[in-house]
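Novice: Quick one: structure below, then a few questions.
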Amino acid sequence: MIRATIGGGLVILALVFISLVVGNTEIDHNPLNWFGGVNDQGDQDLEILTLSRIPRTIALILAGISLSVAGLIMQMLVRNKFVEPATTGTVEWASLGLLLCLIFAPGLSVIIKMVVACLFALFGTGLFMLLLQRIDIRSDAIVPLVGLIYAAVIGAAIAFVADQAELMQSIWVWIQGDFSMVLQGRYELLWFAGCLGVVAYITADQFTLAGLGKNMSENLGLNYTLVFIWGILLVSVISGITVATVGVIPFLGLVVPNLVSLIVGDNLRYALPWVAVTGAALILLCDIVARLITFPYEIPIGTIMGVIGSLLFLYLLLRSEPHGQS
Amino acid sequence: MIKNSWLVVCSVMTFLIWGQQAYGQDETRSVSIEHAQGKLSLSETPSRVVTFDLASLDTLDALNVNVLALPTKSVHDRLAKYSGKPYVNAGSLFEPDYETVAALEPDLVIVATRSSPSFKMLNSIAPTIDLSVWGEGFIEQFKDRSSTLAKIFARQSLYEKRLKGIEHKIAQVRSFSKDAGKALIILTNGGKISAYGPGSRFGWLHYELGFSSVLTSDDPEQASNIGTHGDPVSFEFIHEANPAWLFVVDRDAAVGSARGAARALLDNPIIKRTQAYQSGQIVYLNPMNWYVIAAGLNAVDESVTEVLEALQKSVSQK
């Protein structure tokens, strides 16, 4: 375990370093020269680092942590390993809220837009949970299928609204995950999402119990309804914030908890830190690829994550057949 | 006998007059034109015109030609008067409402670029021409399309006058732009930025108006790869390219949503370090003209004028 922790730490450090030095402006690869004020080059490096690279790297880490934690909580709440906020309508509802803001009140501040996105996400997730209660869940495939259909219906609503407003071309650009515009002063709301990830860790035991199901967990003395609502709240707010600040990043919340669960099991208190670290590592890796593949231009990270995430997911599906049935 | 000869004279006269008229009609009214998807000959000046191309609408507007129907939801700013009655909504820029078009019984339908895939279907309803403008040679294509319209509607003299004005301004722009330093064209959309090179839809700012591009000199291979939709870039990209002139097309403003979004997006310390910012040479282009209308007579005139004014302002400040 200690060896794994050190290994994980080194991987994250390496990715953070690469994320800091990869970009259009060439930066001295020796970190010691960044702060020395040795010459003009050093000053410029420091400025680019503090204005652009460090904010982008922090934003990536915060989004990676919060999204993968949100995915894990979602999986616990619906007791199914093949869901995440982007396949259960949560992210779509947040996008719809954001789209309505952009159409009817484009001048709103980012915070208000974010609050609207969170409220829509909350409503949409609640609706999904009510929907699940009315469905006879006979197999593990039902929940993700219902989620996908539900998400697709909301996606159709988004397309309809966008079409009516002649924004069909814009809407996908707006909601596609992309960190290329992250600068100092333009990502700080993500800290709130990151904090929610930490809060989730503090209440991890409750989610582990809730994951056993309503009857079992209530027999063990858990206020199931309260924990359930708390979980929905966490997932919705994290989704709302990330969609409003950096857009939709698919698959992260789906593959990271599954990867981690293969290795450390389902006890959230153990799993959560690993989910957070793996999430941060995966999103950093995808963003570095997004920056390099058509250098000096960029590809939205949502696209890269879609490719890498779906490959990982296929791998998990094919190898973890017994797990899927558990 | 006398009666008979009168009859002959009368019929000959009638025939002659009729023939004369018919001949005269031929000479002034029959126009045959070639367009992107074929040929069309018109025996009369069209009076019931439907256009799906806003550039053509803009040109017809400049030439005082009236139209019947157009995508009324897609017109803003200068063309806003076409957004309601008496103009009929003929569909969207991309999708014609065929039933409405058929019901109007037009004698000329104009499509281009965004609506050109509908050419065949529309042509089966009414005589249709495709006035698409694609790729390089923007000004040449613009002249060709607008002179076609001037010819169809017999407005050549007015057209020549306007064209001369534009060509004069282009010459003026070129005399300034060759020493003005390198330029970069970006498009902002939903809080994101794409860079456009000389091969793109805005490329005529480089090859017609004479600005050299920050994208060509260093890496020609990359520059030619820039597609018509541009490539997503970061602020750091602009910082590193460090253009002397930054031309900004605010797409969100072009389609009628938030105004001033591009200005807010570019108001950051990374952009403030660029040469363009420091010498006050960030130019916010009229997005309706550049992005939506493009090759219309008024639009090109205004586009060239706004670049000329920006150059003159910068020269007078130095």
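Heads up, the Cβ atoms here are built off N, Cα and C, so glycines get one too.
Caution: TrEMBL annotation is automatic and unverified by curators.
Pulled these features from TrEMBL for this protein:
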- A:58-78: transmembrane segment (TRANSMEM)
- A:90-108: transmembrane segment (TRANSMEM)
- A:114-132: transmembrane segment (TRANSMEM)
- A:141-162: transmembrane segment (TRANSMEM)
- A:189-209: transmembrane segment (TRANSMEM)
- A:221-241: transmembrane segment (TRANSMEM)
- A:271-293: transmembrane segment (TRANSMEM)
- A:299-318: transmembrane segment (TRANSMEM)
Novice: Can the transmembrane segment (A:90-108) be said to touch the transmembrane segment (A:221-241) if we require at least 3 CB pairs below 8 Å and skip pairs under 6 apart in sequence?
Specialist: yes
Novice: Could you pull out which residues elsewhere in the chain have a CB under 8 Å from any CB of the transmembrane segment (A:221-241), counting only those six or more residues past its ends?
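Specialist: Residues packing against the transmembrane segment (A:221-241) from afar: 66-67, 69-70, 73-74, 76-77, 85, 90-91, 94, 97, 114-115, 117-122, 124-126, 129, 189-190, 192-193, 196-197, 199-200, 203, 206-207, 209-210, 214.
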Novice: Would the transmembrane segment (A:189-209) count as touching the transmembrane segment (A:141-162), if touching means at least three Cβ pairs under 8 Å and pairs must be 6 or more apart in sequence?
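Specialist: No; fewer than 3 Cβ pairs under 8 Å.
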Novice: Test of understanding: applying the rule of at least three C-beta pairs under 8 Å (pairs 6 or more apart in sequence), is the transmembrane segment (A:58-78) touching the transmembrane segment (A:271-293)?
Specialist: yes
